[in-house]
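In Swiss-Prot this protein carries:
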type	residues	note
BINDING	ARG729, ARG768, LEU770, GLU775, GLY800, ILE801, HIS802, SER803, GLN843, GLU855	ATP 2 binding site
BINDING	GLU855, ASN857	Mn(2+) 4 binding site
DOMAIN	138-333	domain 'ATP-grasp 1'
DOMAIN	693-884	domain 'ATP-grasp 2'
DOMAIN	966-1112	domain 'MGS-like'
REGION	1-407	region 'Carboxyphosphate synthetic domain'
REGION	408-559	region 'Oligomerization domain'
REGION	560-965	region 'Carbamoyl phosphate synthetic domain'
Amino acid sequence: MPRRSDLNHVLVIGSGPILIGQAAEFDYSGTQACRVLRAEGLQVTLINSNPATIMTDPEYADHTYVEPITADFVEKVIAQQAERGNKIDALLPTLGGQTALNTAVKLYENGALERYDVELIGANFDAIQRGEDRQKFKDIVTKVGGESAKSRVCFTMDEVRDTVAELGLPVVVRPSFTMGGLGSGMAYSADDVERMAGEGLAASPSANVLIEESIYGWKEYELELMRDGRDNVVVVCSIENFDPMGVHTGDSVTVAPAMTLTDREYQKMRTLGIEILREVGVDTGGCNIQFAVNPKDGRLIVIEMNPRVSRSSALASKATGFPIAKIAAKLAIGYTLDEIVNDITKETPACFEPTLDYVVVKAPRFAFEKFPGADATLTTTMKSVGEAMSLGRNFIEALGKVMRSLETGRAGFWTGEDPVGELGEVLARLRTPTDGRLYDIEYALRIGATVEEVAEASGVDPWFVDQIGGLVELRAELTDAPVLGEELLRRSKHHGLSDRQIAALRPELAGEMGVRALRQRLGIHPVFKTVDTCAAEFEAKTPYHYSSYEMDPAAETEVAPQTERGKVLILGSGPNRIGQGIEFDYSCVHAATTLSEAGFETVMINCNPETVSTDYDTADRLYFEPLTFEDVLEIYYAEQRSGEGGPGVIGVIVQLGGQTPLGLAERLEKAGVPIVGTKPEAIDLAEDRGEFGEVLRRAGLPAPRFGMATSFDQARRIAAEIGYPVLVRPSYVLGGRGMEIVYDEDTLEGYITRATQLSPEHPVLVDRFLEDAIEIDVDALCDGTEVYIGGVMEHIEEAGIHSGDSACALPPVTLGRSDIEAVRRATEAIAFGVGVVGLLNVQYALKDDVLYVLEANPRASRTVPFVSKATAVPLAKACARIMLGASIAELREEGVLARTGDGAATARNAPVAVKEAVLPFHRFRKADGAQIDSLLGPEMKSTGEVMGIAHDFGSAFAKSQTAAYGSLPASGTVFVSVANRDKRSLVFPVKRLADLGFKILATEGTAEMLRRNGIPCEEVRKHFEEPSADRPLRSAVEAIKAGDVDMVLNTPYGNSGPRIDGYEIRSAAVSMNIPCVTTVQGASAAVQGIEAGIRGDIGVMSLQELHSTLVS
């Protein structure tokens, strides 16, 4: 079937910001789709609110709209294209996760698609409904002869209670049309049911929840399937969850292909999956179906399906080399599977099901340390913020590699402290899944538990437990052997052990380098295998490699020789986590593409299956490997050998992937690896407070005063000397507590007692905190002789809120010419003083007309993609070229950088871009079910970001809020309760809200201040105050939970009752999903955004239009 000739213009909806449950995998999917559609001659319009994505680069679509993904804004895009005589023919919603699917459903239901004659392709409305609606899907499973868990769809709490009475406790609560298990959970008591079902009904766009019998402890499997318009179906991959039912699949270790299924069970699952796919009606494209098997009797039930490309699709694509999103896009425009050629073999068609001769393991990355008090129990609500994937010739090798890929400070088993407790305690702990369960399983086996005891306690299949048991036996061999001989060392490496693990068991080898030296002496190195989709039946034309230690010393590597071009290795950023996300992958991808175009051979090393960088055709070669010193060095040697007789490896880039590669720079350089760009010594200089302070002193640049304390008395003296408030950050942290702003001595003592372990080895840093200062972020390039300012961003929140969590505007909204010139001079002095070659990010605070330097990072920052989108200058591409020898003058001449001027001087008519952080507070709860605090501070907590662009700040800010959290209210009630120090500053914003017609609620002190300033308000009592006969008021929290508040303005108090009151207020706002502003500056910005919304003139603008304006 040829491509449909009636389709000329396709709209692709992206997935928006990185969220828990919906992450970078959809950038990978969407980027693939856009490239394929344009290659087929179609015009592509894209809408996505996330500036950190590759897909929102202007070259991937004809019209790129960085706009909120709501039915309103998507309709504005469709209308704008129609008005310009450029009608959109079809909407492809299956590549942007749940966000895109839900938006497509709304556009269908509100008639927008019919109004503009836009067809849904990939999955029609009925198929989406049948796949996503719990009851309809259950009916389909029954119709095709399958079985579902006993359950009922409920629309009211009364229906929920009746269903629970019938099924008995525990039950699983699952809302419809949500992602990452949001709102779902296991309810063990009537109280759990009331809370979870109430929130689930609120979380579900269709206002219903499924109450389901508990299948906790069953084995969980997934199938990834694809279907074309001629009803050809392929099963791309089977995936088995290491963890049993009850742990969300995104939080589970998963294995491909499935390890413990019999062929009979697999064939039954496959047949059922294909029948369901046909009955649901996914005409073209991919879908994911989840199954559960009772380990006691083999009963098979169908859990759910995603009638779209999903998180598992990205994993399956990277695991097999079968590009699901790319093929789904081709199927959506009319091709059939037999007409699509496999990119890796270049000769087999896509209707050949992939075959694996290796094992793939994915493991989740958690960030519980960022949310003190959050319950770390793993449940049906997804909590992980990222993931790593590894490939090996056997399960245990792949498991070892993925454990060291997670970058948790360990290199696998035995490289950290052992779990605590006697055997009975460890087995009891295994009954409640947590992120430390792998270590508990190994430890339980090591101290005497049987495989059966561990399997029974943990719910993990005995086969997996036995595999870890094999490692425990190997450990005993390693510790007991008088001499570590070649056979035992080779077998240890074959079982996935890192040099660090072996060194931990053999102290006489004097650490990792000693093990490495022994391996080199014995000639024990990994071979590099190729992912080829067909178990070596056909030759792979795409160099996509993974390492394995073979028992046969004569095993050959599959890295092909390449002697013509100089090789550049690019170290990626590893698993996403809070503080190091997709923004760094963006810079790595840009480096790969631009350096390939410049004539280098690019080699990407990364272990994150969600990203564009690990697509097999992003770089010239891809190694899916852990980003550790050992693994990177082995790849370097393999590439050097493959380039013998030619230029070989001419450089390794560590500057673009965030902290992970930077942490390897010094050791790699000492091992003889050529680091290009800013040298490791310069990176160290910028991070050393004393040395960097000397650079600032020589340049005459002020920085906030600070001191190091090794006791509370010393900390108290330093704080008294430099003045409160102070910012304290311990060098050794307990319980995940990081930095905190402290306003008085009592709070300082409480914080140090609670959060730190002070000693001469572990001092605490006490910084003067610049209250009410404006924070400024600068991204710049330096080639050693010239500095190019990429962009100057003004933070909307005050200094003290982590820059990754603060909204910011570009160009700056309140800075004058003299301020920006001061920023330029300071940035130039720092770049030359540190010795930067490439990118530099500097953070400043402006207070009382003095510009203070807060910190400098000589690397790509998380704002690089945002600045690049806002200014039309590809900073990461320019950085890569500079690191390999190009000058800023040459890049200006080529048109890569602006020919004159730079990002410090923006045109007067330049649109305003606002970046807003997206925070995951609603995902985390305390052990008692209470919400965690949504207060912002110096510790970063956001998972992603959005961007709003408009011709004025208010409209841009309103867009950013709509994209991140939903629209700001245009009317209704605002609750205000602020600290005394903020009351004067908040008078004007609150007065403006009252003038706009908002009703104001306030607690006693705030209400009194507002009335004195002529602002009418209604008083409510504080949460911790008891009602009395003379003040029978309802509390602020009661008003919020009753749905009577549309926005909250709440700034934090001290540590006593009001502080707790603030926590309860903010938690209620998060649970009710209403805007909650916790800074004065945020309140002022929100008021401007509300005014813009009320004016009703917020339009849409493509990046191509924006960039043509800026260039002209």
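Glycine is no exception: its Cβ is also placed from the backbone N, Cα and C atoms.
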**Prompt:** Taking only the binding-site residues LEU770, HIS802, GLN843, which one has a CA atom nearest to the CA atom of GLU855 (Mn(2+) 4 binding site)?
**Reply:** GLN843
**Message:** My understanding is the cutoff is Cβ-Cβ under 8 Å with a sequence separation of 6 or more in the same chain; which residues meet that for ASN857 (Mn(2+) 4 binding site)?
**Reply:** ALA686, LEU840, ASN841, VAL842
**Message:** Let's see if you can do this one: DSSP helix, strand and coil counts over the domain 'MGS-like' (966-1112), in that order.
**Reply:** 71 helix, 19 strand, 57 coil
**Average model confidence [pLDDT] within the region 'Carbamoyl phosphate synthetic domain' (560-965)** = 89
**Request:** Give the three-state DSSP assignment (helix, strand or coil) for HIS802 (ATP 2 binding site).
**Result:** coil
**Asked** CB neighbours of ARG729 (ATP 2 binding site) within 10 A?
**Response** 18
**Message:** Under DSSP, is GLN843 (ATP 2 binding site) part of a helix or a strand, or is it coil?
**Reply:** strand
**DSSP state at ARG729 (ATP 2 binding site), helix/strand/coil** = strand
**Request:** With an 8 Å cut-off on Cβ-Cβ distance and a minimum sequence separation of at least 6, pull the same-chain contacts of GLN843 (ATP 2 binding site), or say none.
**Result:** GLU775, ILE776, ASP777, VAL778, SER803, VAL853, LEU854, GLU855, ALA856
**Fill in**
Lowest 10 Å Cβ neighbour count of the binding-site residues LEU770, HIS802, GLU855 is held by GLU855
